[in-house]
Amino acid sequence: MHPSTVRREAERVKVSVRVRPLNERENNAPEGTKVTVAAKQAAAVVTVKVLGGSNNSGAAESMGTARRVAQDFQFDHVFWSVETPDACGATPATQADVFRTIGYPLVQHAFDGFNSCLFAYGQTGSGKTYTMMGADVSALSGEGNGVTPRICLEIFARKASVEAQGHSRWIVELGYVEVYNERVSDLLGKRKKGVKGGGEEVYVDVREHPSRGVFLEGQRLVEVGSLDDVVRLIEIGNGVRHTASTKMNDRSSRSHAIIMLLLREERTMTTKSGETIRTAGKSSRMNLVDLAGSERVAQSQVEGQQFKEATHINLSLTTLGRVIDVLADMATKGAKAQYSVAPFRDSKLTFILKDSLGGNSKTFMIATVSPSALNYEETLSTLRYASRARDIVNVAQVNEDPRARRIRELEEQMEDMRQAMAGGDPAYVSELKKKLALLESEAQKRAADLQALEREREHNQVQERLLRATEAEKSELESRAAALQEEMTATRRQADKMQALNLRLKEEQARKERELLKEMAKKDAALSKVRRRKDAEIASEREKLESTVAQLEREQREREVALDALQTHQRKLQEALESSERTAAERDQLLQQLTELQSERTQLSQVVTDRERLTRDLQRIQYEYGETELARDVALCAAQEMEARYHAAVFHLQTLLELATEWEDALRERALAERDEAAAAELDAAASTSQNARESACERLTSLEQQLRESEERAAELASQLEATAAAKSSAEQDRENTRATLEQQLRESEARAAELASQLEATAAAKMSAEQDRENTRATLEQQLRDSEERAAELASQLESTTAAKMSAEQDRESTRATLEQQLRDSEERAAELASQLESTTAAKMSAEQDRESTRATLEQQLRESEERAAELASQLESTTAAKMSAEQDRESTRATLEQQLRDSEERAAELASQLEATAAAKSSAEQDRENTRAALEQQLRDSEERAAELASQ
């Protein structure tokens with residue numbers, strides 16, 4: 001008897017279609033409630049109705065013909081899940097119906113040893129995740145659970161039933177990955193704890209093996225024993241899977257998710273001695289794929305990161321469509337097909353599904369569509385792809401080791417023989433027992449050999465892993481040593497850079513200090529010059545003011561003397577009028593003189609008014625002088641504040657430089673002391689901090705320079721104000737000179753008038769005799785006029801007294817103003833002395849800062865020497881590490897030699913086992929031939945016995 005060949009089955013991809021109910025968005029849209037899809041579940045036919053009207057005028061022109069012609073699509077199964085019955089009146093399909101039709105056969109194929117695959121394809125929001133997972137993705141249990149949890153539940157029920165028979169046990173492992181933006185991420189991979197959002201992604205690589213096929217390198221597979229374990233792992237994966245809300249779907253999958261179930265059978269056999277032999281049996285892989293839905297950007301209205309995700313999703317689905325077209329074309333046309341190789345490697349999704357499409361797998365596809373007219377084009381496109389996928393033919397084979405398959409066949413033969421032995425002829429039963437014993441011994445021997453080979457293979461795999469680990473450790477040590485050397489070089493280079501930068505900063509600081517001191521010296525000199533010039537101008541103005549006041553007083557005294565002379569002359573006239581009689585001509589002349597005296601008195605009143613105006617002008621000049629002094633004080637205060645800010649900035653810069661120096665020293669020591677990546681990160685962070693401190697110092701220096709410029713602008717503004725004040729003062733002086741000239745002109749005119757009056761008085765004395773006749777007539781009138789003149793003179797006297805009092809008040813104000821100015825001058829001198837003392841203290845502080853800087857430089861040099869000593873220690877440690885590495889390499893070489901010797905021994909043992917197996921096979925063939933001959937002889941004897949028995953019976 002020869003071993004049977006591997007069991008292979010060729011069949012098409014099973015394609016099903018599920019039509020979901022209308023959702024809320026479609027019910028609220030004007031055309032959303034219009035159903036364009038009809039289905040016959042019994043006949044597995046889907047009909048896309050004619051879409052009439054012009055409401056969809058914005059659709060693509062390429063769909064125009066499809067809109068005007070109804071199309072029928074034939075599939076393997078159709079699930080009508082709309083609330084109303086289908087075209088034949090059948091009730092809507094439930095989740096349980098989908099599982100009975102699709103999920104149950106998948107479980108049967110898995111336990112038969114066939115690879116299988118189920119993937120959901122369709123537009124976004126068409127119900128793929130609901131069909132695969134269920135109504136609530138976070139709770140995969142209950143009546144609404146999808147195909148995936150139902151398949152897992154059936155697997156565990158079948159597993160318990162098989163293991164109850166006691167011949168084998170099944171091991172189930174689960175993996176969960178997603179394809180996001182053309183990168184494969186392990187959703188069950190170990191992530192860092194305590195990181196928001198699950199931590200970083202755990203990416204795996206897609207590889208292809210000649211015998212294993214496509215697999216994921218580095219994927220984490222977790223053994224599961226119940227549905228609760230599966231639900232827990234899937235919920236963990238869903239927690240880190242990429243989903244988002246779009247216009248089409250509140251929870252849209254932004255990646256393709258694949259749940260991988262691996263089933264491995266472990267068969268057991270008990271020998272006559274009671275030893276239990278365990279061998280590998282069948283194995284299978286089941287891929288449950290939840291594809292991300294295709295979406296139109298105009299409908300889903302995604303942007304930013306979601307737009308990028310939609311681009312990758314549509315690209316991978318387009319590649320899947322191309323693969324389906326190529327495989328379908330190859331299956332239908334054979335050698336005449338346009339392409340001979342499908343573009344699996346154009347996308348990670350199609351590369352993973354390579355065995356499921358046209359390979360070693362029994363594949364089921366479920367296409368989900370929407371019945372609404374809003375999704376007419378997407379529904380029609382999905383149905384076309386699904387119909388095209390039905391043409392793909394897969395050739396699936398049972399995944400079982402040939403030796404294990406032979407053992408299983410022997411066990412099946414032994415079971416058949418045990419059943420044949422029940423109630424049979426004793427001789428035949430005895431013969432069968434002998435054959436059964438031979439078969440059992442052969443099966444046990446094969447099982448033992450297979451177990452030994454498996455153990456040997458496992459041992460070799462362990463040795464290979466150890467060898468690879470040793471090589472990896474060596475390369476890791478070498479790379480670590482190189483990285484350490486590079487790190488030390490970079491650290492030393494960084495320390496040199498930091499030292500050079502520190503020197504540059506110190507030089508820059510010294511230069512800035514010198515420039516600021518020069519600028520301050522210039523500003524002080526300019527302010528001193530301006531102060532001296534203003535003091536000289538104020539002194540000259542004070543002298544001019546005093547001379548003007550003295551001149552005005554002198555003029556006032558002269559006017560008082562002239563007024564006294566006029567009064568004396570008036571008294572003389574009155575006496576002349578009283579003592580003699582005047583003529584009418586004298587009277588007229590006297591009246592004329594009296595009129596002239598009155599006009600002269602008016603002129604004197606005008607002179608008094610002018611004097612009062614001059615007094616007010618003097619007061620205004622004094623007020624402007626006070627304002628000028630106040631502005632000068634403000635300028636001095638601003639200069640003092642600017643100087644104080646400068647000193648504070650210098651102190652702040654020195655503090656920052658000291659801190660930067662301390663940071664750099666600490667960083668240099670830490671960089672030389674530590675050799676791992678964390679220290680390098682701290683060095684970068686500290687360097688960044690130092691750089692920020694330097695930038696802050698530069699910004700502070702810039703702000704100080706800006707303040708200095710503002711102070712200069714303020715000083716210039718004050719200088720312009722002082723110039724304007726000087727111009728106003730010059731204008732006032734000019735007005736005063738003009739007034740003085742006018743008063744002098746009026747005084748000369750008064751003197752000329754007095755001379756004229758004197759001449760007139762002489763003429764009057766000459767004419768007195770002729771006027772005595774009219775004196776008596778005019779005496780009464782003159783007496784009345786005299787009384788008026790006396791009253792007017794009294795008024796003039798009172799006005800003169802008030803003018804004298806005003807003059808005294810002006811003198812007092814002048815004295816007080818002079819005292820105030822002298823006090824301000826003394827305060828300015830005291831302030832200048834204070835500024836000089838502050839400048840001396842600043843110079844002393846600068847000398848102290850220079851001494852501190854020198855001490856800091858000495859400390860830095862000492863720390864640099866210590867750092868160099870530390871570098872020497874590190875170099876010695878590196879040499880010891882190199883020596884240890886050489887020792888480890890020698891140990892590794894000896895280990896490698898030992899492993900190679902063990903490997904050669906294993907190969908020799910394998911050769912011996914192979915020769916023994918060949919001898920066993922030859923002996924087995926001879927035994928089988930003898931057994932066949934014996935069987936033929938026994939059968940001949942049995943026939944002879946039966947004939948003999950028949951003859952005896954007939955007799």
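Every residue, even glycine, has its Cβ placed from backbone N, Cα and C.
If you check Swiss-Prot, you get these features:
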BINDING   GLY122, GLN123, THR124, GLY125, SER126, GLY127, LYS128, THR129  ATP binding site
COILED    426-955  coiled coil
COMPBIAS  785-794  compositional bias 'Basic and acidic residues'
COMPBIAS  824-833  compositional bias 'Basic and acidic residues'
COMPBIAS  863-872  compositional bias 'Basic and acidic residues'
COMPBIAS  902-911  compositional bias 'Basic and acidic residues'
COMPBIAS  941-955  compositional bias 'Basic and acidic residues'
DOMAIN    12-392  domain 'Kinesin motor'
REGION    682-712  region 'Disordered'
REGION    704-955  region '7 X 39 AA approximate tandem repeats'
REGION    725-955  region 'Disordered'
REPEAT    704-742  repeat '1'
REPEAT    743-781  repeat '2'
REPEAT    782-820  repeat '3'
REPEAT    821-859  repeat '4'
REPEAT    860-898  repeat '5'
REPEAT    899-937  repeat '6'
REPEAT    938-955  repeat '7'
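Everything Swiss-Prot records as a feature, shown here on the structure.
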| residue | record | Cβ within 10 Å |
| --- | --- | --- |
| GLY122 | ATP binding site | 28 |
| GLN123 | ATP binding site | 24 |
| THR124 | ATP binding site | 25 |
| GLY125 | ATP binding site | 28 |
| SER126 | ATP binding site | 27 |
| GLY127 | ATP binding site | 22 |
| LYS128 | ATP binding site | 27 |
| THR129 | ATP binding site | 26 |
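In the three-state DSSP scheme, GLY127 (ATP binding site) falls into the coil class. Following the DSSP three-state reduction, the secondary structure of GLY122 (ATP binding site) is strand.
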